[in-house]
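**Student:** Right, I'll just put the structure down here and ask away after.
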Amino acid sequence: MPALAIMGLSLAAFLELGMGASLCLSQQFKAQGDYILGGLFPLGSTEEATLNQRTQPNSIPCNRFSPLGLFLAMAMKMAVEEINNGSALLPGLRLGYDLFDTCSEPVVTMKSSLMFLAKVGSQSIAAYCNYTQYQPRVLAVIGPHSSELALITGKFFSFFLMPQVSYSASMDRLSDRETFPSFFRTVPSDRVQLQAVVTLLQNFSWNWVAALGSDDDYGREGLSIFSSLANARGICIAHEGLVPQHDTSGQQLGKVLDVLRQVNQSKVQVVVLFASARAVYSLFSYSIHHGLSPKVWVASESWLTSDLVMTLPNIARVGTVLGFLQRGALLPEFSHYVETHLALAADPAFCASLNAELDLEEHVMGQRCPRCDDIMLQNLSSGLLQNLSAGQLHHQIFATYAAVYSVAQALHNTLQCNVSHCHVSEHVLPWQLLENMYNMSFHARDLTLQFDAEGNVDMEYDLKMWVWQSPTPVLHTVGTFNGTLQLQQSKMYWPGNQVPVSQCSRQCKDGQVRRVKGFHSCCYDCVDCKAGSYRKHPDDFTCTPCNQDQWSPEKSTACLPRRPKFLAWGEPVVLSLLLLLCLVLGLALAALGLSVHHWDSPLVQASGGSQFCFGLICLGLFCLSVLLFPGRPSSASCLAQQPMAHLPLTGCLSTLFLQAAETFVESELPLSWANWLCSYLRGLWAWLVVLLATFVEAALCAWYLIAFPPEVVTDWSVLPTEVLEHCHVRSWVSLGLVHITNAMLAFLCFLGTFLVQSQPGRYNRARGLTFAMLAYFITWVSFVPLLANVQVAYQPAVQMGAILVCALGILVTFHLPKCYVLLWLPKLNTQEFFLGRNAKKAADENSGGGEAAQGHNE
């Protein structure tokens, strides 16, 4: 900004020339025109003692000079003159202005406001029933600078529906259209500014802060808004207090010291200070004097650029200062404009021409800015000069400039102006102008602004940081905010080159949630999330359970998908059972092969011949049924498992039952009866018994499948990390009834052979059958408690094992001994050993008798 730098030097040179010389700056604060705009600017301030000692409603002297207020007033002058010199907005018309000093005091501001509301051509306000045709001295008012003053003037001007456009008042309450129907502003409301502040705190993880506000409407409302926004974002306010305005009384001093003590006790490193410049001046004065440890101060816009605060001695001791200022367009010619008018103020000829015009308002109001006419270099802070030279005050200057253009645009719309002229029928009244300002858009340099329904404009913010390059700070832009915060970390200066930490408790590790201690949510212990839950967000207070189809280990930040679990073919237990299947199936096939090879031998014939082979085939099918249990279950496999296992077993046990019945008959009945019954047990009737038993078992299986069909179930509760898919048995009682046929056959076999006495010199067939049935019962009786206690995932493996062990037991106890005789004891493979002498004789007699009868018949 070279032009602004030149302006700063020119201003300094002018002020040096102005030492001891009388200037005429105050006389430049009024200009005539077709329409007059009022202006309220903080050109000075008063001593607090003067207000305390005031006992009569007389004038209040403004003893201090405010350079910033002077620059803002000159920005309004420049905007008015720019509009008058152009033809884009008000061709053929001139705007005038009447600027007054608010002295930063409500009492002084009220007096100026009353002068604006006085009837044109007079200095008084008359009482009327209807003010519709009332013509005040000014058409609209620019200002004031502070929300405290705007709350007062806003109600004054709203009664007359006079448009008021503030360039700095940002209280959110001023957006209330019922109370302030004629109030507008060219800055965003404090709510937007505080949203930016909360975003800044979140960005640096500053969740343990103090919040202080000035003891006035501005500070109290700001604290209220900040508190609600901070709570919604998980930021804890360790201490919240109000700072009294600057006062030398002992009572006020005690309040300030109490605020400082409580901030120290809260052990915060960041303080949000939403206060007026006077309150901040009071707080920082005592903070520096009493040696408060440096903090990070997040400033409100009202004091971030205040020369009252920036020129405080030893201000650098307070620490780091950050704050947001609304962004505006640059006005590069403003430096030249200020330089020119300051030079004119020192020109005696120019001042003499102004003195020739009598200012009637000065008889009532007094001189507009007494301190402006005798300012000297020491009246202007070096920090303000540096910031102005660097273009750091352009946001406030532009806001004033834009406020003037908003009124000019509204007047342009009201008068229906075009590029050549305006339709001037009669003088425009303030309420007529106001009608055209609602939701109006207007141009100010490169920006297009628009008033919303609440009279606010939407503008971006610049994040400013105080940088100590001299006894007073200089503002540096270190970020922007337009709904999202963008920081320039390389431009930020921190003590020790480390970002301060302001947290009550450390950040929890991954997979941990917060358990609050006390009243503040930011003070907490970290608790691990248990298995099956996870931490969804870093600020969570409870662990979030995983979905049904997910799982998580302890201290998780996310859930993992559950893998399906079933008895897979590749599992070791399945592979072991498949090896056992091969063994049992191999033995059954070997026994079947030997039986077929020795089909005519007494051993095979005594064992039932075809029934013996049929039993071996059924035993093999019984073993093969285990192949239905491994793998991912399906509806078909679940339905087929029990029938495919029990029907072959019924066929096998029915043949063994016939063997047991024949053994019992031969041993316990007379020979004639025994021979007669044995002929039936070895003929067609024997197959009818097998068919009947199989039919009964098939009927039971059909009833089981129809009444209680097993189904594929997805079980989420059995395994912590997997989802179990298995065949669900809907009724264990019905499944037990499916076993009833086989159990009855086995019991009858055991009963028929256990009591039979063996005959000397004969093969003890009853012993093999007894042990075979014992193997059956031991297997399935052991199966019940084992199945009840094993995990559901491995219940199919238990059923597979029971089937194979049962088949192996029958093979080992009944079939393999016969194979042993066929292979290694062929001398015992005789009719006498397997059938006995009586049986052989009876067989021969039956054979001879049959032949004689046949010959007789022939």
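Any Cβ shown, glycine's included, is placed from N, Cα and C.
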**Student:** Looking only at what Swiss-Prot records, are Val596 and Ala793 on the same side of the membrane?
**Tutor:** no
**Student:** For Asn439 (N-linked glycosylation site), what is the secondary structure by DSSP, using just helix, strand and coil?
**Tutor:** coil
**Student:** Of Asn58, Asn85, Asn130, Asn264, Asn439, which is closest to Asn203 (N-linked glycosylation site) if I measure between C-alpha atoms? They're all glycosylation sites.
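**Tutor:** Smallest Cα separation from Asn203 (N-linked glycosylation site) among Asn58, Asn85, Asn130, Asn264, Asn439: Asn264.
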**Student:** In the same chain, who gets a Cβ under 8 Å from the transmembrane segment (645-665) while lying at least 6 residues past its ends?
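**Tutor:** Distal contacts: 607-608, 611-612, 614-622, 625-626, 628, 673-674, 677-678, 681-682, 686, 689-690, 693-694, 696-698, 701, 738-739, 741-742, 745-746, 748-750, 752-753, 756, 765-766, 769, 772-773, 776, 799, 803, 806, 810, 814.
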**Student:** Between Asn418 (N-linked glycosylation site) and Asn58 (N-linked glycosylation site), how many Å separate their Cα atoms?
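**Tutor:** Here the two Cα atoms are 48 Å apart.
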**Student:** Is it the case that the transmembrane segment (611-631) and the transmembrane segment (768-788) touch, counting contact as three or more CB pairs under 8 Å in which the residues of each pair are 6 or more positions apart?
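**Tutor:** The answer is no, given that the two segments have fewer than 3 Cβ pairs within the 8 Å cut-off.
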**Student:** With Cβ-Cβ distances below 8 Å as the criterion, list the same-chain residues six or more beyond the ends of the transmembrane segment (768-788) that contact it, or say none.
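**Tutor:** Cβ under 8 Å, 6 or more out: 653, 656, 659-660, 663, 739, 742-743, 746-747, 749-750, 752-754, 795, 798-799, 802, 805-806, 809-810, 812-814, 817-818.
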**Student:** What's the CA-CA gap between Asn264 (N-linked glycosylation site) and Asn85 (N-linked glycosylation site) in angstrom, rounded?
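**Tutor:** Each residue's Cα considered, Asn264 (N-linked glycosylation site) and Asn85 (N-linked glycosylation site) end up 57 Å apart.
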